[in-house]
Structures are given as structure tokens and as C-alpha cells.
Amino acid sequence: MSQSLKSQNTNMSDSGCRDPVGDSQNVLENDPSINSQTQDTRVTPNNTAEAQPLQPTSDLKEDHHEIGARAQEHTDTGDRSESPEEPALEKPPLDKAELESSPSSQDTELGHHPHSEHGGGDALDLDPNCSQSDLGGRADAHLESSSVASPEGAGDRGEADEHLESSSAAPTEGAGDRGEAGQELLAEDSTDGQSLGHSNTGPGNQDSLRRRLPVPEAGSHEEETELVKEKQEVAQDTLRKTDKKSLWTYGSVFLGCLIVAVVLSSVNSYYSSPAQQVPQNPALEAFLAQFGQLKEKFPGQSSFLWQRGRKFLQKHLNASNPSEPATIIFTAAREGKETLKCLSYHVANAYTSSQKVTAVSIDGAERALQDSDTVKLLVDLELSDGFENGHKAAVVHHFESLPAGSTLIFYKYCDHENAAFKDVALVLTVLLEEETLEASVSPREIEEKVRDLLWAKFTNSESPTSYSHMDSDKLSGLWSRISHLVLPVQPVRNIEERGCLL
């Protein structure tokens with residue numbers, strides 16, 4: 001092999017072509033400093049390669065895949081460099097020290113197989129006068145010398161150097177064939193060196209791979225934006241529905257509380273019925289003022305008398321179109337005779353106080369012995385004259401003393417629907433046969449006492465049954481018309497002793 005290379009060099013010298021590789025070798029041999037530096041450089045990758053531990057099989061597989069991918073990436077670059085105007089051939093020649101230090105430095109830094117990236121394309125500066133065959137021979141000689149120059153680091157160079165050496169030892173039949181083989185070897189060496197160099201770049205190559213990853217399309221980004229907007233709209237709709245539900249709930253609760261408050265206020269005003277809340281009515285205001293003063297004049301009376309009497313007469317005065325007159329029965333025992341007469345008279349006058357006139361007064365005890373029909377006629381005349389003349393109230397004392405037949409006239413004045421005067425008040429008094437009347441007696445018992453007394457007085461089996469006489473049925477009809485309110489009266493000592501001061 002060496003003899004063939006020497007003969008090729010001799011032929012190249014004879015043909016007038018300059019051998020840059022030989023010149024660079026002569027310079028290296030003559031300079032001892034360069035030789036020592038070359039020896040140091042040769043030892044360094046050996047030691048580094050020996051000291052470096054073997055990588056795991058999985059790591060080697062991953063590196064192999066990465067190198068394959070990156071080599072495929074740079075294949076296009078290598079193909080483009082094979083054009084006739086290849087820039088690698090136009091670079092200035094390199095000396096032997098640079099050729100030997102380039103792979104050794106790469107082995108030291110990267111820990112991989114050295115390659116002849118710089119030796120393949122940068123070391124040859126061909127003379128344009130040389131023939132194609134001379135170029136092929138010089139390329140083969142240069143590749144063999146590069147592979148032989150560092151025998152100690154050949155174990156680490158791997159398959160790339162072996163391929164190059166075997167390629168350099170190819171048949172040399174014909175100068176044209178060797179030239180084409182040399183060009184193919186140069187291109188292959190350049191491609192392998194680029195692939196190995198890129199495989200050793202580490203993080204930079206990973207960044208380039210990341211850049212080659214597919215970037216999300218704008219359509220997917222728009223779809224994600226639309227999904228986010230839809231979710232936001234759904235959340236806003238949920239919040240609005242929640243707010244509406246809360247508003248309806250709170251509104252219903254507030255409305256219910258308002259209705260309850262109005263109802264309670266109405267009930268309270270109905271049962272309390274204070275005088276100042278009553279609409280303005282001159283007759284009513286005058287009655288309330290006079291009736292309020294009676295509590296001081298007649299002490300010791302039950303609260304039932306004042307409350308029920310005031311409400312009953314107030315309701316009648318407040319009615320715009322009353323359907324019947326207001327009829328009240330006051331009753332007392334024998335010890336309260338004067339108090340009964342005086343109290344009933346003041347109540348009737350209080351009712352008609354707005355007209356500035358007194359009430360009509362009839363005493364049944366004075367007409368007890370008279371004819372029933374006569375008394376009936378007289379009572380009718382007095383009541384009709386008084387009501388027609390503006391007297392809005394009448395008092396009939398000792399109603400139980402009137403002749404039984406004469407009391408039938410009160411059908412006319414106390415009827416529920418067909419009363420002769422509906423906007424008036426009739427106050428009747430009944431004196432019980434009992435000497436005293438307990439204050440603890442209930443209103444119901446008082447009403448029964450009065451009813452029993454009238455039945456005993458007005459119904460008599462010996463009296464004839466005629467139109468002008470009283471019977472049980474007629475008395476029942478009369479009782480239903482006059483017994484709307486029965487109130488007991490307790491005696492007042494001053495009035496019983498001194499009489500009623502009208």
C-alpha cells in the first residue's frame with residue numbers, strides 16, 4: 001500500500017502538480033516542537049477514551065437513535081455540498097498538526113469516535129493544472145496518512161475510520177475511477193463527520209428538535225378559547241339563575257311578613273278600637289265624651305258594663321244606615337233602685353247629646369194600674385212625638401210594671417227589619433225582686449233573671465187570650481227584639497241616699 005502511494009506521489013511530482021500533504025508532512029517532521037505537541041495530542045484521546053466508563057446499553061441505544069435522526073436531518077446538507085461548486089474544496093490547506101489535533105480534541109471533549117471532518121474537505125487545495133486522476137490519488141494518499149497518523153486512538157474511532165481506510169485501499173485501476181472514488185469518499189466523510197458532530201452537540205441539538213415539533217394550529221387555539229368562553233357563559237347563567245331564585249325567595253318572605261304585619265295591625269285596631277282612631281262624627285264624638293265622664297259619677301260598676309255599653313252604642317252611632325234601633329236593658333236589685341234610674345237616664349242623654357236635647361222619659365210604675373190599651377196608646381204617642389221632634393233616645397223606667405198588653409207596642413219600635421225609627425236608642429230598666437245583686441254574677445245569669453221576671457209578670461193563665469193581651473209566644477217574640485244587651489247595675493251609696501241629680 002505504501003509503495004503504491006509513493007509511486008502515486010512520484011507520478012504527481014513528475015506531472016508538475018504540487019503535493020500539499022507531502023509539504024505539510026515535511027514541515028511537521030522538521031519542527032520538533034510540533035512533533036512533541038502531536039505526541040501529547042495523540043496520548044490525550046487515548047487516555048480519555050480509556051478512562052471513560054462504558055455507557056449503559058439503553059443510553060447507547062438512545063444515542064444511536066438520536067444520531068440516526070440527526071444524520072438523516074443533515075443528509076440533505078451533505079447532498080447539497082456535492083455540487084460542482086463545493087465550498088469545501090476552496091478552503092486553504094491545513095497542516096498536519098491541525099489534521100491530527102482536530103479529531104483528538106473532539107474525542108477529548110465529546111468522548112465519541114474521532115472523525116475526519118476537517119481532513120476530508122478542508123485539507124485539499126487542488127491545483128487547477130492537475131488532472132482528475134492525480135486528484136483521486138492524492139485524496140487516497142491523504143486519507144490513508146490520516147488514518148495511519150493516530151494508530152493508538154483507532155480503537156475509539158469506530159466504524160467511520162475503518163470504512164474510510166477500506167475505501168482508500170480500493171482498486172486503483174484507472175485514474176478516472178480513482179478520482180470518482182475519492183470524490184465519493186470525501187462526500188461520505190464530510191457527511192459522517194457532520195452527523196457525528198451534530199450528535200455530540202447535546203442540548204443545542206435538543207433545542208433544534210424541539211423547534212421541529214409541530215406547533216399547535218390556530219384552529220385548536222380558537223377552539224380552546226371558544227370552550228373557555230362557553231364555560232364562562234354557563235357559569236354566568238348559573239349565577240344569574242341563582243340570583244333570581246334568591247330574589248324570588250327573599251321577595252316571597254318579605255311579602256309574607258308584610259301581609260302578616262298588616263293583618264296583625266288590623267286585628268289589633270279592631271279589638272282595641274280607641275276613640276281617637278274612630279272617624280270624625282259629631283254625634284259619636286259627643287257621645288264618647290259624655291259616656292267617658294259617667295265612670296266618675298257611677299263608681300263601682302263592672303268593666304263589662306262600660307266596655308259593652310260603649311261599643312254597642314258607638315257601633316250604632318257610627319252606622320250610616322242602621323237597620324234597627326239600639327235597645328239596651330239595665331237591671332238592678334232593690335238596693336240599687338235609684339242608681340238604676342239615674343244611670344239609665346245619663347246613658348240615654350249621652351247618646352243624644354249631639355242634638356242638644358234630652359231623652360224621652362216614660363215611667364211604667366205610674367201607669368201600672370191603667371188600662372193596657374190606654375197605656376199602649378200613650379206610650380206610642382210619647383215615643384213617636386219625641387223621635388219626630390229630634391229626640392234620638394228614650395228611657396222607659398220600670399218596664400216590668402207596664403200592663404202586659406201595652407208592651408206589645410214595642411214590636412213597632414224594636415223590630416229587626418221594620419222598626420218605625422231605626423236611628424234611635426231605647427233604654428229599658430227592669431228592677432229585680434231580689435234585695436241585692438252580687439257583683440260576681442255573670443252576664444248570662446243576669447239575662448236569665450230578667451227573662452224569668454218578665455215571664456212571671458206578663459204571662460198569666462187567668463188572663464184572656466186575645467189580640468190585646470200578652471201570651472208566651474208573643475212574649476218570646478218581644479224578648480228576642482229587646483234583649484240585645486242586658487247590663488247589671490251596682491248601687492252607688494251617695495245616689496241611693498240623696499237621689500239622682502239630673
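The backbone N, Cα and C atoms fix where each Cβ goes, and this holds for glycine too.
Record check of N129, N318 in Swiss-Prot: the feature N-linked glycosylation site is attached to N318. Cβ neighbour count for T225 (phosphothreonine) (all protein chains, 10 Å cutoff from its Cβ): 10. The predicted model assigns the topological domain 'Cytoplasmic' (1-246) a mean pLDDT of 47.
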